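Per TrEMBL, the features are as follows:
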- 1-16: signal peptide (SIGNAL)
- 60-149: domain '2Fe-2S ferredoxin-type' (DOMAIN)
- 101, 106, 109, 131: [2Fe-2S] cluster 1 binding site (BINDING)
- 171, 174, 206, 208: [2Fe-2S] cluster 2 binding site (BINDING)
- 269-456: domain 'FAD-binding PCMH-type' (DOMAIN)
- 297, 298, 299, 300, 301, 302, 303, 304, 377, 400, 446, 464: FAD binding site (BINDING)
- 818, 849, 963, 1131: Mo-molybdopterin binding site (BINDING)
- 853, 931, 965, 1062: substrate binding site (BINDING)
- 1313: active site, proton acceptor (ACT_SITE)
């Protein structure tokens, strides 16, 4: 299997690595060892808040301030030197800062760090990742967490309030990180512009919202149009402008940390694992280097923390250079810029941007090239702490900056422990084609970097392609420079530097090409000639690490071509063909914008399940139909919302670490936990021998083991659990359990499974009409196949469980689960106790998306076994890498199709075979496959359809439910053959789509369900008009005619999504409602809150039914002792099912209260409830609902598959860079049918979030499995979900109006899953753009494109002359299916 990025190069490179080597002297000198000028001294006996310090000696205690409070910490007693700020913060109860990934890639842990900067003589505020920042590094800093700026009791900070009011949170887990990123920006710049706002959150990920409401909230701080525009938006701050932001009201920087009272001193923190030093002078640093030659140099710690966590690396000595003045200098020289090796990337970025305004343009091209790379280098919190020296000395072959430094002629100054210095050019510094090796001596450090100005007629550019533009490691990078001299024959190349990353084991210069260019006249022909030489400089073997051989070779040439065009544009613009101008224009992204259109409603006519009119609800404040914000929104933005890992540990509580299989398939020869048990603080190891109940379980059939007994069937399968005093110790101990395997043959892909006939269950089939006859009579036929990749859920809160034993074999399970009843039942099952003795409670989840429906139960079961044995609580929150490796993903699919159609584009017959990769067990793979089969015709009326499906058993972790539950795979398979039909006929695919849409009345699906009130044609016409499709399509065609190297595509996409669980028995729900005598209401129901606003909607229903304002209604949690025998919150019907149950309970109570209401007209609910209570009337009711007329039988093909259908239409327009495969979504228009919305603000948020998540599925996110069955993409460094810079630049959402759904609660429709499928329109638009490029290259007709449409797949489909040098015409990017 192919790796998407350099296997050994997956982490951002920021830490120096000293390597023994020969020395290449350039210029020698000696640095002055005297104390730096201007150093602030503290007099003897001066105090920091009463703590006396001597001005001599080394400080051995850690002083820091958090939220205005001072802490004095002693090593080993209060902290460990290698401890992160995040773990320390959470240990002192500041749990608003979340653990999302542990590698600085998601931003959930973002806090603000403030310090006094002597250079600028002001306080500087930085957003930093607490999960990788050492607590030691915060000495002398003021750390502000989300708790420190506001809360629901004393009031919200303006950032918090605006984000909450503008619906900027859903699950809320990522929200504190976004708050603190924006807070840090405002502290430095109270009036940012929109670009700065978007830039400041480039290190924060959100899986729920689609980013639009977050950006909208934060842009209200931008002066001018943004604030006025946002005040007019629907559902925003109730149509009013937010209160002005007053920077003077912010928390004061602790005066104890100002230079008048505080002076940085040398630090030494001795821990049990390592010693941390922070010298404050060059002499101290060099002495430490001499004493500890193997010491690790630390600035940002981003690399070291990753190596410590994922590679179990440990270092005895860490030396932090952040306070060595000479290494922090950043100054302009007459011919360039001097940059100290400890200067952070953010400081460099800001400095160079300011420099551009003061310099003549011809002198700034090297600086521009650096800025081009720095803009997309990591995220803001990483750039705020990472230093240029770490990036250089780490010598990563895929460094963003090193090729630019090599090309532009940068000079590095190295310093030896004796103080002598020497200079070496950047291009000589790296040992060529040797992995991460440099010419830095073992007794040397990198002191500084000099970047020269460019001379007249000298040009530089930086290039990078990665899977995601923001915060992603490069696939290929380049720094390209050329200096010209005007002569009679033209502009002659007198010097050049062409440096590449990602093309060898080190960054390399294309030396032959450089020599070829020198002395030749710059021209278009010269560029093409250089492309012929370049392959000799950059050879890649077919088995080179990182794979993507054809793509990487093509990129290297594409960069050179782009640079050549750019240079020609500078010297002779008229010489460049207008159609080729786009090749030389550097990428820039305008600020994004959004528009939402919906109508709030109040009093409604309600239909019961039989379609009969009922008395409408009360029109109350915040009731049904109102666009109220998420009821937990204020708790989200303040960090007060409690998730499983935030819950205090019960007395004596322990932590579990799972022992996981490292083999895809193997017999267990032996398991030896003795090394783990020997560690102090480890309380036991437990496995299948300790199970008192049943060790076998499964979501549908019992085909899995809680703990593996004799054989493991996938990597990540649980073998046992180690229990210890801390989570870190438990994980360490688990890694020490020795497991001996006998490796067996494994099956890792769909193709291998099909060849081996490795299937789970029988073949599924849906058939309508006479497919064979219709196919034979069809005027035209096509056949083909398409692969649909999997997708990681990437909920920000990983799987978590806390099991608390009680008396008499009673257990309480706090878990992050969509399925509390199954969790409780399976815990009872493994413990061998009655189900009634286990109560499962779910407060909220930090996202779910289907991934917490079944694949979290084995974690609770493992904890329960240990908890029962020890009679102490046991908890686990999986690390991100473990979560991704063991909990399953969206199923990859292979679709093989045959289609019959006529010359007009009407499709008459479809025959499809579907294969899904189920993994090692069934889990929910069969219903996922059936859902895909149900959607194989998407929204099109096709009279003859046959679809069969098989679940493939492989030795990968069992795949599971994911938002859409097979629907996206079925619809993608459908859209693949729709596109194929269109290209066969030579027409735009949207014409084929429109022609085959289901009619408004009389349509019948392949599974014989008649469509009632099908709005597809009406919605298609409305969106086509509102988005100005005809004009825009003509403009796209015109753009493509005029541009060869940038292409646009536009595509419309309909969706018909069936709403129900396809298993009949699951379509039921219950609720428990209490009315209290003060008029407040407590609602319990079987649904769980994962960010979709379900609790909010249930409270709105109760408020409307009981005639009380929304602020009087509450949901505390979902618990199986309140509502038992519930079903998972899934299939987008949580509000449908639980809403009717809540309504039923409320109506029972309302009926009991009616006579009291009539007796006292106008009385409040409190008065009525008190009167009823005094009259001994029950104020509690249990509600129940079951979906009527539901149930499809696959064996007979009879029955109603879905309760109703949700419809949607989208139009997306993209622009694709032909030379790199990079693309931008210029605009997306979405029209979605939610019936009469229960809460239009929540529903719009669901539409936007689902659409962006779908964009990830179809265009960006790619799972990569290695040949040994290990998952390579196991964290945000290697697996990329959309960021705020990936969303449509212009995103417009409208809720379709006047379409009540008479079969559901208040005529509403479910909304969570259907809009995700509309993102296929982005994929289709990309196909249209690629098709335009292929036509330019003389390639007409159908071409296959699998999902996701990564930059690699896009680029390899182009068919241009550069690609032709490196790849066959039918080359396809490989993938993991």
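Here the Cβ of each residue, glycine as well, is placed from N, Cα and C on the backbone.
Predicted automatically and left uncurated, TrEMBL annotations should be read as such.
Overlay of TrEMBL annotations on the structure.
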| residue | record | Cβ contacts under 8 Å, 6 or more apart |
| --- | --- | --- |
| 106 | [2Fe-2S] cluster 1 binding site | 100, 174, 177, 204, 205, 796, 880, 1276 |
| 171 | [2Fe-2S] cluster 2 binding site | 207, 208, 795, 796, 797, 844, 845, 846, 847, 848, 1090, 1091 |
| 206 | [2Fe-2S] cluster 2 binding site | 174, 178, 214, 796, 1284 |
| 853 | substrate binding site | 817, 818, 819, 924, 960, 961, 1128, 1130 |
| 931 | substrate binding site | 964, 965, 966, 967, 970, 1058, 1062 |
| 1313 | active site, proton acceptor | 963, 964, 965, 967, 1057, 1131, 1132, 1250 |
Based on the record's binding annotation for Mo-molybdopterin (818, 849, 963, 1131), what whole-number value in Å is the widest Cα to Cα distance? 12
Within 10 Å of the Cβ of residue 818 (Mo-molybdopterin binding site), how many other Cβ atoms are there? 28
Give me the Cα-Cα distance between residue 101 ([2Fe-2S] cluster 1 binding site) and residue 303 (FAD binding site), rounded to a whole Å. 14
Measure from the Cα of residue 297 (FAD binding site) to the Cα of every one of the binding-site residues 109, 131, 849, then give the nearest. 131
Relative to the mean position of the Cβ atoms of 853, 931, 965, 1062, the recorded substrate site, which additional same-chain residues have Cβ within 8 Å? 850, 924, 927, 928, 930, 961, 966, 1061, 1130, 1131
Can you figure out which of 109, 131, 849 (the binding-site residues) comes closest in space to residue 446 (FAD binding site), comparing Cα atoms? 131
Cα of residue 303 (FAD binding site) to Cα of residue 131 ([2Fe-2S] cluster 1 binding site), in Å and rounded, measures 12
Cα-Cα separation of residue 849 (Mo-molybdopterin binding site) and residue 109 ([2Fe-2S] cluster 1 binding site), in Å? 22
Of the binding-site residues 299, 301, 377, which sits closest to residue 131 ([2Fe-2S] cluster 1 binding site) by Cα distance? 301
Round to a whole number and give the Cα-to-Cα distance in Å for the pair residue 301 (FAD binding site) and residue 109 ([2Fe-2S] cluster 1 binding site). 15
Cα-Cα, whole number of Å: residue 377 (FAD binding site) versus residue 109 ([2Fe-2S] cluster 1 binding site)? 19
Binding-site residues considered: 301, 1062; fewest surrounding Cβ atoms within 10 Å belongs to 1062
Measure from the CA atom of residue 299 (FAD binding site) to the CA atom of residue 109 ([2Fe-2S] cluster 1 binding site) and give the result in Å, rounded to a whole number. 19
Looking only at Cβ atoms, how many others are within 10 Å of the one on residue 208 ([2Fe-2S] cluster 2 binding site)? 28
So for residue 965 (substrate binding site), how many other CB atoms are inside 10 Å of its CB? 28
Could you put numbers on the helix, strand and coil content of the domain '2Fe-2S ferredoxin-type' (60-149), residue by residue per DSSP? 14 helix, 33 strand, 43 coil
